[in-house]
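Worksheet: the structure to be examined is printed underneath.
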Amino acid sequence: MDVLNLFNETIKVGAFNATQLVEAYVISIFSLTTFVGLAITLYLGIAYLYKKPADQVVGLVCCDVLIVNAVCLITLPLWVYQAATKKWFGGEFMCKFAGMFYTMNVYMSVWSCVIVTFDRWYCMMCKNLQAVTVLGRTIRTNQVVTILTLLVTFIGLFSLTETSIVDKKCYLYSGDSLLSFVNAALGYTVPWLAIAIMIVHIILRTSRLDYDPKWLNTNILMWMMFTLLVTQGPYYSLSAYMGNFKSFVEKNMTHHSNKVTASYFHGDASHSIQVAMLVCTHALAITRMFSVPLILSTLAGYEPLYVWKRITRCCCMRVEYENLEDESQSKLLRGEENPNYDYSPKSVRIKPLKSPGGGDNSSLKDEGYDEESQNGFSIG
C-alpha cells in the first residue's frame, strides 16, 4: 500500500481526520523533500564535475542513483498539486511516468548500497589483495549495474499496469497488488539482509588480518546499513502489515458513502494510530532520496568542503584552466614579459641565467642542463 493513495478519499477514524493529516503531510514533506533533494542532487553533480571521486567505482554507482533520484524528485510536485486541488495534473502518461520512477527510486537507492558493499566484499574474498585493480573492479561493477538496471527497469515497467487515473486522481499500486509485497521483499528486506551478511563477513575477515585495510571504510558501510534499517524498515514493515487500505478499511471499519464523499468511521483508536504511523514512516522512508546519495558520496571521497570552495569561487571570479601557481609561468602563459625567457610568436628559447657574480649558472647544471642542451631546447 502506498500512503499517497490515502488522500484520494475522505478518511475519518473516530475523531481523527486522517485526510487533513495526509494533505498536510504531502504538501509540506513532499515540498521540503523536493527542494532539499534537488539541491543535494545538484550539489553532488557539480562535485563530480569539479573533482572526480577518489573511488571511481562508487562514483559510477552514485551517478546512476543521482539520475533516478533527480527524475523522481521532479515528479513529486505533481503529488503536491493533487493533494491541494484534488485532481491530477499531466494526464495518464504523467501518472504512469511518476509511478514508474517512484518505484525505480526505491530499488535503485537500496540496491546501489548492495553493489557498493558487494564490491568491497568481493575484494576481501580475493586471496591476493595486490591483484585487485581499479579496472577489474570497474568492469565487475559495470556488469552488476547492468543486471540491476535491467531488474529495476522491468519492475518499473511492471508498475505501469498498477498505476492509473480514477476520478481525475492518480492512484499508485496498493497492498492488494503483488508489486506491493515485491517492493517490501526485493525493495528492502532481501537487499538489507544481503548487506548485513556481507558486512559481518568483512568484519570477521579483517579481524584475522595483521593490518587494518582502511580502504574498506567498514564504519561507513555499517552506518549505511543502519540508515537503511531506520529509514526504510518501519515503512515497509507497516505497509506489508496493513496491506491494501481498502481491504484494511473493509476489515476494521464500517463503510458509509453518499453522493458527495466516501467516509470511513470506527471507534477504535488503534486504527487511527496505524494510519498516522503509516504517514510518518513514509515521510522517513523518502529521505532515501538524499541520505543514500550522501553516504555514497562519502564512500566515493567527493570532499564536499573542497567542492564548496570551488563553487563559491566560481560565482565570484574567473577560474583559470591552467595551474598558475608559479608567477613566472603565469606571466609566460598570459603573454607578459618575462626577463628569464626570450618570448617569440613561434618559440620560446631559454637563456642561461646570469649569477650576480658573473659566474656560470650552476643551478641549471645541477638540474642536468648544459650549454649545448640549452641551445637546442625550445618550448613550442
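Heads up, the Cβ atoms here are built off N, Cα and C, so glycines get one too.
Quick caveat, the model's predicted, so the values are computed rather than measured.
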Pick from C63, C72, C95: which one does Swiss-Prot say forms the disulfide with C170?
C95
Taking pairs 6 or more apart in sequence, does the count of Cβ pairs under 8 Å between the transmembrane segment (26-46) and the transmembrane segment (184-204) hit 3 or more?
no
Do the transmembrane segment (60-80) and the transmembrane segment (220-240) share at least 3 Cβ pairs closer than 8 Å, excluding pairs fewer than 6 residues apart in sequence?
no
DSSP three-state assignment for C95 (disulfide bond):
helix
State, in range form, which of 97-117, 145-165, 275-295 has the highest count of Cβ pairs under 8 Å to the transmembrane segment (184-204).
97-117
